[in-house]
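J.: I have a structure here, written as structure tokens, and I will follow up with some questions on it.
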Amino acid sequence: MAGILAWFWNERFWLPHNVTWADLKNTDESTFPQAEDLYLACPLAFCMFMIRLVFERFIARPCALGLKIQANGPQKAQPNAILEKVFTAITKHPDEKRLEGLSKQLDWDVRTIQRWFRHRRNQEKPSTLARFCESMWRFTFYLYIFTYGVRFLKKSPWLWNTRECWYNYPYQPLTVDLHYYYILELSFYLSLLFSQFTDIRRKDFLLMFLHHVATISLITFSYVNNMARVGTLVMCLHDAADVLLEAAKMANYAKCQRLCSVLFVMFALVFISSRLGVFPVWILNSTVFESWEIVGPYPSWWVFNVLLVLLQALHTFWAYLIVRIACRAISRGKAGKWNPLRVSKDDRSDIESSSDEDEVLPPPQKHHTNGTNGTNGYLSSSPCPDEH
């Protein structure tokens with residue numbers, strides 16, 4: 001084990017040339033980031049998860065009920081043993097051939113069976129109230145940590161001159177405010193990483209998991225090798241758009257559509273300008289070019305920048321989704337209300353279709369024969385509901 005740890009913490013990987021871990025040991029005069037400081041984030045992540053449960057139960061839920069958000073979940077599918085067996089044991093998304101077979105077996109039309117499966121899938125999804133509580137928790141944290149980050153960075157010279165991130169590197173002392181900022185952010189993303197398996201399941205689950213892993217890795221890397229100054233810029237920049245996204249989602253769940261639209265537009269503008277403009281031009285330029293000029297590259301420097309580039313790739317993909325959502329919302333707005341978050345269910349779905357949009361399941365319709373082929377399969381000319 002000692003050999004493995006010695007290999008993992010190899011100075012030639014983590015630190016610039018001619019710098020050793022002994023040089024970064026804490027003294028009475030100076031305090032530097034230590035890897036063992038990050039152990040504190042694990043119990044804090046658990047505490048943050050418990051705080052979240054209390055917050056959602058005693059703060060977010062009363063707020064949601066005050067906004068008349070119902071606790072009822074999506075409409076339940078009517079009991080049917082045959083369809084339930086297919087749903088639980090075979091498939092939740094039957095193909096056309098299986099639908100036709102079930103239609104003949106139950107003497108129901110295909111559209112009714114499709115609607116039953118849609119309702120049955122939605123039945124396992126959380127209610128709008130649960131989604132509102134989750135978004136309110138994230139909104140509250142992002143608002144607090146973004147406000148804290150702005151107040152902290154206003155007093156920091158590297159906000160105004162990014163070259164200050166690399167002068168005298170890595171012998172830059174760790175302040176109490178910077179340590180608090182880092183540990184709190186790391187604890188939050190650790191709690192998100194694990195709670196992602198219990199939260200509302202979204203279509204971009206793997207992408208979000210990758211995002212959380214990349215974020216945790218970046219926070220850890222930048223702290224251990226004392227790139228904390230540029231790390232604070234990255235964290236604060238990302239929190240700005242997240243505040244608006246969660247606010248827009250809360251407005252959508254509360255059916256405040258005008259507010260939702262305004263917040264979504266603000267979110268889209270902040271996201272695209274900050275993550276496709278400011279991030280590569282201001283931060284990547286500093287971590288790649290300014291640090292190369294002042295400090296020079298070393299192994300963990302490459303890893304850190306590769307992670308930042310990976311994060312930028314995710315930014316580009318999400319920006320594409322946001323633009324697509326906006327375009328579809330605008331095109332739909334020509335015929336009705338503009339609701340960008342409702343349109344976005346095709347891209348990042350909280351639920352296949354929200355409970356207030358579900359059609360009422362009609363009684364099973366029986367097939368009728370005609371003189372030509374014996375069955376018609378459909379009793380309604382309306383199209384099949386969209387399957388998100």
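Keep in mind that glycine also has a Cβ here, set from the backbone N, Cα and C atoms.
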J.: According to TrEMBL, which listed range is transmembrane segment: 47-65, 180-198?
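T.: That would be 180-198, the stretch labelled transmembrane segment in TrEMBL.
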J.: Near the transmembrane segment (302-323), which residues from the same chain, at least 6 beyond its ends, have a CB less than 8 A from one of its CBs?
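T.: Hits for the transmembrane segment (302-323): 207, 210-211, 214-215, 217-218, 221-222, 225, 227, 234, 267-268, 271-272, 275-276, 279-280, 283-284, 287-288, 344, 347-348.
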J.: Looking only at the DNA-binding region (85-128), what are its DSSP counts of helix, strand and coil residues?
T.: 31 helix, 0 strand, 13 coil
J.: Hey, which bits of the same chain come close to the transmembrane segment (141-160), Cβ under 8 Å, at least six residues off its ends?
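T.: For the transmembrane segment (141-160), the far contacts come to 177-178, 181, 184-185, 188, 229-230, 232-233, 235-236, 239-240, 242-243, 246.
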